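As structure tokens, the structure follows; a few thoughts come after it.
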Amino acid sequence: MKRLIPTLKGDGVSIEFIMLIRTVLAATKEIAFRVSQGELSGILGSTLDENIQGETQKKLDVLSNQLIKDMLLADDQVRAIASEEEDNVVVGTQGAPYIVAFDPLDGSSNIDINGQIGTIFTIYPARDDVPADSPLQFQQPGKNQLCAGYVLYGPATMLVMTTGGPTRCYTLDLTHGGFLLTQEELSVPTDTKEFAINMANSRFWADETTQYVNDLIQGEEGPLGKRYNMRWNAAMVGDIHRVLTRGGIFMYPNDNRDPKKPAKLRLLYEANPMAMLIENAGGKAYANKQRILDIMPDELHQRVPVQMGSANEVETCISYYD
Ligand SMILES: O=P(O)(O)OC[C@H]1O[C@](O)(COP(=O)(O)O)[C@@H](O)[C@@H]1O
Ligand SMILES: [Mg+2]
Ligand SMILES: [Mg+2]
């Protein structure tokens, strides 16, 4: 089986960029080890702190953030980083070519139940027209991403990543400690009979979402003419992994639970990297009527509605938002 570095070299990725990807992955391997040790490595439970988004931080959120941050700041190719768990941009090496954003631990509510969790990351070119510590560094549309990926800490630890070409899947080989290429090119089936949405929010949805989900649930007797099944992992990384593996539509639409927070998922380090992975595997990724990768961010921790996955199903879904 092919190893990571020869695969990336074969894709024409420069050595310096491969080294940066290795830095990110070195941190995720350490997280994977701690996760596999569970309670034995003291990672379960919450801290007494909240992050900038007002969410209680879990011990593993903080630990993962620290591990990734420390390793990236020691890499002289990183000019700035942004993280779900950091209020502001953190400055790295002046003049370095890249900036990195990440969700150090996605699916935090699954940590204590031994459920699926992961790390989501994205790399952009640094901007020379704004200071290194400015949030404007990250004010770039998702289509500027040079690399997007996630590491899923599931029964197997898997890396799903694109550097602009195909979305490839690797599995962490615990016998030698490296990621091996286990699926050369992921391809999201165009059609699906599986949807993912948190139904508990249904009374807070916009009418368009309610209408579409009602039509899904009506199955073969409804206007969509087929019977659907539903899945919800409570970790975007797990839901998107399923969609990349066997198709489906994943939605986290706007709702009016909290008027200050109409959307839940963050554009920079959740929606954008997942949108690039899905599109490069032949799927579609929208925020209602807008292609996610075209959105120009206004702020670092900006939230967006999300509908992504199997191309035909996403098209059907967004037609309800006309
Ligand atoms: O509480 P809900 O509605 O199930 O939310 C689940 C969603 O929240 C998230 O867990 C948010 O990510 P974090 O765990 O990084 O905050 C997504 O991964 C997931 O899709
Ligand atoms: Mg997350
Ligand atoms: Mg997180």
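The backbone N, Cα and C atoms fix where each Cβ goes, glycine too.
Just so you know, TrEMBL annotations are computer predictions that nobody has curated.
Under the three-state DSSP scheme, Asp103 (Mg(2+) 1 binding site) falls in the strand class. The Mg(2+) 1 binding site annotation in TrEMBL covers Glu84, Asp103, Leu105.
Annotation comment: TrEMBL describes Asp103, Asp106, Glu270 as Mg(2+) 2 binding site. The secondary structure of Glu270 (Mg(2+) 2 binding site), as reduced to three states from DSSP, is helical.
Taken from TrEMBL, the feature substrate binding site covers Asp106, Gly107, Ser108, Ser109, Asn198, Lys264. Cβ environment of Ser108 (substrate binding site): Glu55, Lys58, Leu60, Asp61, Ile117 lie under 8 Å away, each six or more residues apart in the same chain. DSSP gives Ser108 (substrate binding site) a helix state.
Annotation comment: TrEMBL describes 16-184 as domain 'Fructose-1-6-bisphosphatase class I N-terminal'.
Residues annotated as domain 'Fructose-1-6-bisphosphatase class 1 C-terminal' in TrEMBL: 188-321.
Close to Asn198 (substrate binding site) in the fold, though at least 6 residues off in sequence, lie Trp232, Ala234, Tyr252, each with a CB less than 8 Å from its CB.
Apart from Glu84, Asp103, Leu105, the Mg(2+) 1 site neighbourhood in this chain, defined by C-beta within 8 angstroms of the site C-beta centre, holds Asp61, Ser64, Asn65, Ser83, Glu85, Phe102, Pro104, Asp106, Ser108, Thr119, Ile120, Tyr269, Glu270.
Within the model, the domain 'Fructose-1-6-bisphosphatase class I N-terminal' (16-184) carries an average pLDDT of 95. Close to Glu84 (Mg(2+) 1 binding site), meaning Cα to Cα within 10 A, are none of the binding-site residues out of Gly107, Ser109, Lys264.
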